[in-house]
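Going by TrEMBL, these are the annotated features:
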type: TRANSMEM; residues: 68-90; note: transmembrane segment
type: DOMAIN; residues: 68-445; note: domain 'Major facilitator superfamily (MFS) profile'
type: TRANSMEM; residues: 102-122; note: transmembrane segment
type: TRANSMEM; residues: 134-151; note: transmembrane segment
type: TRANSMEM; residues: 163-183; note: transmembrane segment
type: TRANSMEM; residues: 195-214; note: transmembrane segment
type: TRANSMEM; residues: 220-243; note: transmembrane segment
type: TRANSMEM; residues: 269-291; note: transmembrane segment
type: TRANSMEM; residues: 297-320; note: transmembrane segment
type: TRANSMEM; residues: 332-351; note: transmembrane segment
type: TRANSMEM; residues: 357-374; note: transmembrane segment
type: TRANSMEM; residues: 386-410; note: transmembrane segment
type: TRANSMEM; residues: 422-443; note: transmembrane segment
């Protein structure tokens, strides 16, 4: 704190300079920000003479900027299209292209392969060629490949279009995640990423519902026309979005262009990314088998409402979890996510009533929904700004991989264990992920911090 002439105190922190006008006795201190960065222009500080003008002033950097809102909106629309199409592609392949059930499943799932390929390449490309250019390129490619559905008249062509559409989705979604991760102030990173991740949760709830409703009343061609209009809205929003590009030296640019494993995968986040793989593998049991399991139990209504309850619980908990992440640290948030996911999956394994399945949906939402966004926040926290793109893509590659291979691995246990046994297995596996998190991330972080603290003391 800097002492100024009587009646005025100048206060400076890392980003703000305030002149505080005060009067003796009880009253209010009127703080006027004269820094150039946007913040609250006039702030009132209640104080008393006994405090002798000793107080703590905390000014939150802005989170809800125009760029943050537009990027979150673009991400929401990108995911809406993905979830709309993923629930109707299989039935469209069966009804229009005479595909078998397994062929239709491949038509739906091959999209993930394109997404994985795109994420691996886009992570470093987004920093080499620019974040906004990659966002434009990803959305344009997403637009072109969405239009290609109009020409699909055979199963091989459907496979090709789905793969290419997955590439467009992967590039665009990686770009939006990288942009927003760099845009959020460090002090509000957990909170910001959790709010941003709500766009995915809402899309996961609205997209499938919208897709199934439209399929009942409109042709596949009309649905694709709607999707094209949504992608055009994404493109329009991207053009007016302000994106802060990172400035990198030519030497650093040359390093990024070098082909090596670290060019595509960020070693610093592999620990939390591996944990994410196993958590996603456990959660894939819900995406892949819940509908069939609910049918076996004659709980189809509860099975339909499961994801609505899931989305509601995620929507409520994510803002709270984000604030706790920033205030209490990642461990305070992460360990309960493993416990909640385990409880939800174990409850599914013994479900016989509708209310039990819906309660399981709440716990699964609290578990997986909270883990996904806060795992991303950890990844951003671990790397320099120039590596955010690679770090985010590494994390989502492992999540997508877990969701992709999970059904094949867990499906092998259907015969000996049944669906109830599978949910018991993944419930125990989710709890075990807490130990994996400690071993691959928390323990190493604590060791590194102890070493750094020891080095400071010696200095």
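Positions of Cβ are set from backbone N, Cα and C atoms, glycine also.
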Stretch contact, the transmembrane segment (386-410) with the transmembrane segment (297-320), Cβ-Cβ under 8 Å, 3+ pairs: no
Stretch of maximal Cβ-Cβ contact with the transmembrane segment (102-122) [cut-off: under 8 Å; candidates 68-90, 163-183, 422-443]: 163-183
Outside the transmembrane segment (220-243), six or more residues from its ends: residues with CB under 8 Å to it: 66-67, 70-71, 73-74, 77-78, 80-81, 84-85, 88, 92, 96, 131-132, 135-136, 139-140, 142-143, 146-147, 149-150, 172, 179, 183, 211, 214
Intrachain residues whose Cβ lies under 8 Å of the transmembrane segment (332-351), provided they are six or more past its termini: 190, 279, 282-283, 285-286, 290, 293, 297, 299, 321, 324-325, 357, 359-368, 370-371, 374-375, 378, 420-424, 426-428, 430-431, 433-434, 437
Other parts of the chain folded back onto the transmembrane segment (195-214), taken as Cβ under 8 Å at six or more residues beyond its ends: 63, 68, 71-73, 75-76, 79-88, 177, 180, 184, 222-223, 226, 307-308, 310-312, 314-315, 318-319, 322, 369, 372-373, 376
Remote residues contacting the transmembrane segment (163-183) - C-beta distance under 8 A, at least 6 residues beyond either end: 65, 67-68, 71-72, 74-75, 78-79, 81-82, 85, 110-119, 122-123, 126-127, 131-132, 134-135, 137-139, 141-146, 148-149, 192-193, 196, 234, 243-244, 246, 376, 380, 385, 388-389, 392-393, 396
Cβ-based contact of the transmembrane segment (269-291) with the transmembrane segment (357-374), 3 or more pairs under 8 Å: yes
For the domain 'Major facilitator superfamily (MFS) profile' (68-445), the mean pLDDT of the predicted model: 86
For the transmembrane segment (357-374), distant same-chain residues with Cβ under 8 A (at least six beyond the ends): 190, 193-194, 196-197, 200-201, 276, 279-280, 283, 286, 294, 297, 299, 302-303, 305-314, 317-318, 321-322, 325, 330, 333-334, 336-345, 347-348, 351, 399, 430
